[in-house]
Amino acid sequence: MASYLKLKAQEETWLQRHSRLILAILAGLGSLLTAYLTYTKLTEQPAAFCTGDGGCDLVLSSRWAEFLGIPTAAVGLLGFLGVLALAVLPDGLPLVKRWRWPALFGLVSAMTAFEMYMLYLMVAVLRQFCMYCTTAIILVAGLGLVTVLGHRWLDGGKLAFSYILVAFLTLVTTIGVYANQVPPPSPLAVGLAAHLRQIGGTMYGAYWCPHCQDQKELFGAAFDQVPYVECSPNGPGTPQAQECTEAGITSYPTWIINGRTYTGVRSLEALAVASGYPLEEGR
């Protein structure tokens, strides 16, 4: 009886028997999805079913849509292709049988941490729903579950420690990369921001507006000194903030400088002229 129970315990579950196939299917779907998003980003075409006034279009056009100068979707594509390769490679190849599952676990752990950060940005920072991003997150979560449950791991404690370590390193690297993607402000941006604050020149915008993000990026970190009014604190389609309504704001971004209204993204030089800031002081 004892030997029979031991034999039953050693039998593979249905998930363990089919885990590589399931991983290949999930990774294949993820590869197709991220390849499509990479294509739309590189060709500057809108993704299907995305509108220009909210949702996935705003997420996919945000500054987090690029990572180290390439589309963030391309990073996901590399991850999914890596999982696909590890899932389908035959055991007969050198080192594959021994290192397949440790490599899968490390790669999927990194992908999971990266996607969780993307989820945080989507929910807490951009506050927009992106069906493509959500689908990618679900696929990566599926890869994580199958990787953990679809293989007989000998040391659960070591596995948990490894995940924490990989996730920590991935998050630190990701946050560091995005933090350094914002260039230091130019002397013109610093001086102009201080001047706008002094004269009360104000930008009216919305956190979900991609053109507002473009305007902010022209200032870089100096934008923190620019007077700014958030006109849509509750998201697209909700009532405008009273201060914006009273100011007659109808589009974003809008500047009101010295009593005059300027709509759309404006260069730093144009804002300097409008506000009376001497350009030579910012050189």
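Including glycine, each Cβ sits where the backbone N, Cα and C put it.
Topological domains recorded in Swiss-Prot put H18 on the same membrane side as H151.
The disulfide entry in Swiss-Prot for C56 points, among C50, C133, to C50. Swiss-Prot lists a disulfide bond between C130 and one candidate from C133, C209; that candidate is C133. In sequence order, L121, L126, P210, Q213 make up the list of same-chain residues 6 or more apart from S62 (quinone binding site) whose Cβ falls under 8 Å from its Cβ. Each of 21-41, 67-87, 159-179 was scored by its Cβ pairs under 8 Å to the transmembrane segment (103-123), and the highest score goes to 159-179. Cβ-based crowding with a 10 Å cutoff singles out C231 as the top-ranked of the recorded positions A65, M116, M122, C231, C244. Beyond its flanks by at least six residues, the topological domain 'Periplasmic' (42-66) meets 36, 72-73, 118, 121-122, 126, 128-133, 178, 181-182, 208-210, 213, 217, 235-237 of its own chain at Cβ-Cβ distances under 8 Å.
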